[in-house]
Every structure is written in structure tokens, then in C-alpha cells.
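Undergrad: Sharing a structure here in C-alpha cells format.
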Amino acid sequence: MICGANATNGTNATKEYTLLVALPLSIAVGLLILLIIFGNVLVIIAVFTSRALRAPQNLFLVSLASADILVATLVMPFSLANELMGMWTFGGVWCEIYLALDVLFCTASITHLCAISLDRYWSITQAIEYNLKRTPQRIKRIIFIVWIIAAVISCPPLITMKKSEGDICDINKEKWYIVSSCIGSFFLPCIIMVLVYIRIYQIAKKRTRAPPGDHRKNEVGKKENDPHEKLNGIQNAEPDDKDEINGVDMEESSSSDHKVSNPCSLKKKSSKGKTKLSQIKPGDGDKTEACQTTKASRWKGRQNREKRFTFVLAVVIGVFVICWFPFFFTYTFTAFCDCCVPETLFKFFFWFGYCNSSLNPIIYTIFNNDFRRSFKKILCRRDKRRVV
């Protein structure tokens with residue numbers, strides 16, 4: 001795939017793999033395929049069966065897991081067969097489809113990560129507005145657009161590739177295609193994703209440093225001098241954080257399967273959002289203190305949850321880049337120096353990228369309590385049924 005001599009003589013590859021090499025390689029790739037399918041099916045089941053994971057944004061993870069499953073079932077087995085046999089024996093039509101699917105699923109994975117990053121960014125910068133708009137239907141539309149973008153990028157192999165000749169299945173090696181496909185499938189989405197994530201990190205860092213309500217000091221200071229905002233010296237009741245609606249944390253309500261009883265949510269407001277004087281009774285001071293304590297503790301919990309989510313997102317993005325960057329870098333390099341990259345190294349990077357499809361379920365298990373609990377429930381149920 002790197003040098004013209006090697007590409008045009010695919011039958012030579014059969015001499016490279018003896019039975020002692022082909023058998024362990026087949027077992028290793030076979031186990032990798034099973035791990036990818038098992039782990040990602042587990043993710044899909046967990047999202048649809050666990051109340052803690054039914055938040056609309058987790059549909060992104062379902063679609064991402066589906067892309068990884070498709071890689072394991074429609075791409076990797078044929079890549080393994082082509083590698084071991086040193087020739088393509090599945091026909092010219094399937095060769096074209098296979099190459100397009102390979103690009104499609106890889107591109108879909110990184111565009112999903114871009115969408116997840118943007119979703120997280122909007123949920124932080126436009127908390128109330130975006131959380132109200134973040135419905136399953138809206139997320140499904142975004143996922144559909146993600147797949148359309150990936151499909152558009154993966155179409156050129158079907159149109160411009162050199163048709164498979166004999167037992168060779170290889171993509172178009174024209175410089176313009178290599179460069180454009182690498183930019184569209186990896187480098188551009190990767191840059192967007194990293195920039196968005198850096199912005200997310202900066203915002204999360206600022207909010208972690210500021211105690212509740214500090215980001216609204218100026219607004220509150222202005223309102224204290226406004227006679228319309230006071231009633232007999234009593235300041236109007238306002239939520240202390242834009243992530244709350246009637247005392248309910250938007251993200252907490254969407255990601256937790258426990259109902260939280262909050263005294264702050266029991267406050268009644270007039271049509272203009274002002275607290276009525278007749279509603280203030282003796283003993284309300286204790287309730288106010290309890291309300292403030294509840295809000296402060298919930299604020300700390302929300303900050304910890306944002307940190308964890310941001311960290312998990314960083315790990316997923318980082319692992320994806322680590323797995324696929326070597327391949328795309330060397331593949332782009334071949335456009336300018338066809339024989340400068342050793343074929344063995346290129347093949348290693350090629351298969352190393354596929355390993356990424358098995359890692360997301362492991363990341364969720366290690367860093368996300370909800371997924372870990374859901375996986376345990378799913379697996380324990382199966383064990384109990386076997387015992388019975």
C-alpha cells in the first residue's frame with residue numbers, strides 16, 4: 001500500500017505469513033473484534049435500560065458505539081483476510097464498498113466526538129436555553145447530520161478510486177485524494193474538536209474557581225439599587241445559578257435516576273418572579289439557610305460532575321487522537337514520499353487505529369460510575385439467569 005512495487009505484487013504478501021504467524025494474528029484480531037462488539041453492545045444496552053443514562057445526549061454514545069460495531073463486522077474481517085492472503089478475493093464491487101465503509105466509519109467516529117464536544121460546550125455556555133432544546137428528537141437530527149457529513153467525505157473512493165485490478169484492492173493514490181481525505185476525515189475535525197474542548201476546559205476552570213453567584217455580582221449590585229427590585233427591604237428571590245430552573249439542576253435531573261427533594265423548589269413566585277410579602281412567615285429564615293446550604297452542596301456536586309464529564313471527554317478524545325494520528329500522519333506523508341514509510345510500520349499504524357473501537361467502553365467503565373453500575377447490572381442479570 002506504500003510503494004508501488006509492493007502494491008502491484010499483492011501475492012508476495014502470502015510469503016510473509018507462515019502458519020506460526022498467521023494463526024496468532026488471526027486469534028488476536030478475532031479477539032479484538034469480539035471485544036469491540038461485546039463492549040459496544042453493552043454500551044447500547046446500558047443507555048437504553050439504565051435510568052441514569054437516559055439523558056438525550058447519551059444517544060451520541062449509542063451512535064458512536066454503533067459505528068464501532070460496524071467497523072468490527074463490516075471492515076475488520078475483510079482487512080484481516082486481505083492481509084493474511086495477500087490478495088483480494090471478494091470481488092471488485094465489494095472492494096469499493098469496503099474501502100468507502102472504512103472511511104465512513106472512521107470519519108463518523110471523529111465527527112461524533114466533534115458533536116459531543118459542541119453539545120457539551122453549548123450545555124455550559126447556554127445552560128437553560130440549550131438544556132430546554134436538548135430533546136431526543138434534536139439529538140437524533142444532529143446524529144443524522146453527522147452521518148451525512150461522514151458519508152459525503154467517504155464518497156470519493158466510490159467515484160475516483162482506481163478500480164480493483166485482479167486480486168488487488170487499493171484506494172486511489174493520487175496526492176489530491178490522500179491529502180483531502182486525511183484533512184476531511186481527521187485533521188480538520190480533530191482541530192475543531194480540540195479547540196472546542198480547550199474552550200470547555202477554560203470555562204469549567206473559571207466556574208470551579210468562582211463560588212455560586214459570584215459570576216452575577218455586578219448584576220446583583222445593580223439590582224440592589226433598583227426600587228422595583230425590592231419590597232420593604234427584601235431582595236427578590238432569584239436562582240443562584242443559571243443551570244437551575246425552580247431550584248432543579250438541569251443536568252442533574254437529566255443524568256440521575258434519584259429524585260431530589262429540595263426545599264428551594266418549594267418557593268412560590270408571583271407572575272413576575274417576585275416573592276410575595278404575605279408568603280414570608282416566621283421560621284422562614286431557617287428554610288432560607290437550608291435552601292442556601294442545599295444550593296451550595298448541589299453547586300459543589302455540579303462542579304464535580306462537570307469536572308468528571310470534562311475529564312472523560314478529554315480521555316475519549318485523547319485516546320482517539322493517539323490511536324489514529326500515526327496512521328493519518330504517515331498516510332499523508334506517503335502522498336509526498338511514496339516509499340519513505342516502511343510498509344510494516346504503516347500496517348501497524350493501520351491496525352492500531354482499529355484498536356480505538358474497543359477502548360471507549362473501557363473508558364466509560366473506568367471513569368463513569370453510571371456506566372459501571374449499569375454494566376454490572378446487565379452482566380449480573382445474565383449470571384443469575386444462568387444459575388437459575
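Including glycine, each Cβ sits where the backbone N, Cα and C put it.
Small disclaimer: the values here were computed from a predicted structure and weren't measured.
Checked Swiss-Prot, it gives:
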- C95-C169: disulfide bond (DISULFID)
- N6: N-linked glycosylation site (CARBOHYD)
- N9: N-linked glycosylation site (CARBOHYD)
- N12: N-linked glycosylation site (CARBOHYD)
- C380: S-palmitoyl cysteine (LIPID)
- 1-22: topological domain 'Extracellular' (TOPO_DOM)
- 49-59: topological domain 'Cytoplasmic' (TOPO_DOM)
- 86-95: topological domain 'Extracellular' (TOPO_DOM)
- 119-138: topological domain 'Cytoplasmic' (TOPO_DOM)
- 163-173: topological domain 'Extracellular' (TOPO_DOM)
- 199-311: topological domain 'Cytoplasmic' (TOPO_DOM)
- 338-344: topological domain 'Extracellular' (TOPO_DOM)
- 369-388: topological domain 'Cytoplasmic' (TOPO_DOM)
- 23-48: transmembrane segment (TRANSMEM)
- 60-85: transmembrane segment (TRANSMEM)
- 96-118: transmembrane segment (TRANSMEM)
- 139-162: transmembrane segment (TRANSMEM)
- 174-198: transmembrane segment (TRANSMEM)
- 312-337: transmembrane segment (TRANSMEM)
- 345-368: transmembrane segment (TRANSMEM)
Undergrad: Assess whether the transmembrane segment (23-48) lies in contact with the transmembrane segment (345-368), where contact requires at least three Cβ pairs under 8 Å among residues 6 or more apart in sequence.
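TA: Counting Cβ pairs under 8 Å (6 or more apart in sequence), the transmembrane segment (23-48) reaches the transmembrane segment (345-368), since there are 3 or more.
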Undergrad: Which number gives the other C-beta atoms within 10 angstroms of the C-beta of C169 (disulfide bond), all protein chains shown included?
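TA: 23, counting other Cβ atoms within 10 Å of C169 (disulfide bond).
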Undergrad: The transmembrane segment (60-85) vs the transmembrane segment (345-368): three or more C-beta pairs under 8 Å (separation of 6 or more)?
TA: yes
Undergrad: In the predicted model, what is the mean pLDDT computed over the topological domain 'Cytoplasmic' (49-59)?
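TA: Here the mean pLDDT over the topological domain 'Cytoplasmic' (49-59) amounts to 89.
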Undergrad: Do you know offhand how many angstrom separate C380 (S-palmitoyl cysteine) and C169 (disulfide bond) by C-alpha?
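TA: If we compare the Cα positions of C380 (S-palmitoyl cysteine) and C169 (disulfide bond), the gap is 45 Å.
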Undergrad: If you count, for each of the recorded positions C95, C380, the other Cβ atoms lying within 10 Å of its Cβ, which residue has the minimum?
TA: C380
Undergrad: What three-state class does DSSP give C169 (disulfide bond)?
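TA: The three-state answer is coil.
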Undergrad: For a three-state summary based on DSSP, what are the helix, strand and coil counts in the topological domain 'Cytoplasmic' (49-59)?
TA: 8 helix, 0 strand, 3 coil
Undergrad: Quick one: DSSP breakdown of the topological domain 'Extracellular' (86-95) into helix, strand and coil?
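TA: Helix (H, G, I), strand (E, B), coil: 4 helix, 0 strand, 6 coil.
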Undergrad: From the DSSP assignment alone, can you count helix, strand and coil residues within the topological domain 'Cytoplasmic' (119-138)?
TA: 17 helix, 0 strand, 3 coil
Undergrad: Cβ under 8 Å, sequence separation of at least 6 from the ends of the topological domain 'Cytoplasmic' (49-59): give me the contacting residues as numbers and ranges.
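TA: Sequence-remote neighbours of the topological domain 'Cytoplasmic' (49-59) are 116, 119, 123, 134-136, 138-140, 143, 254-257, 370-371, 373-374, 377-378.
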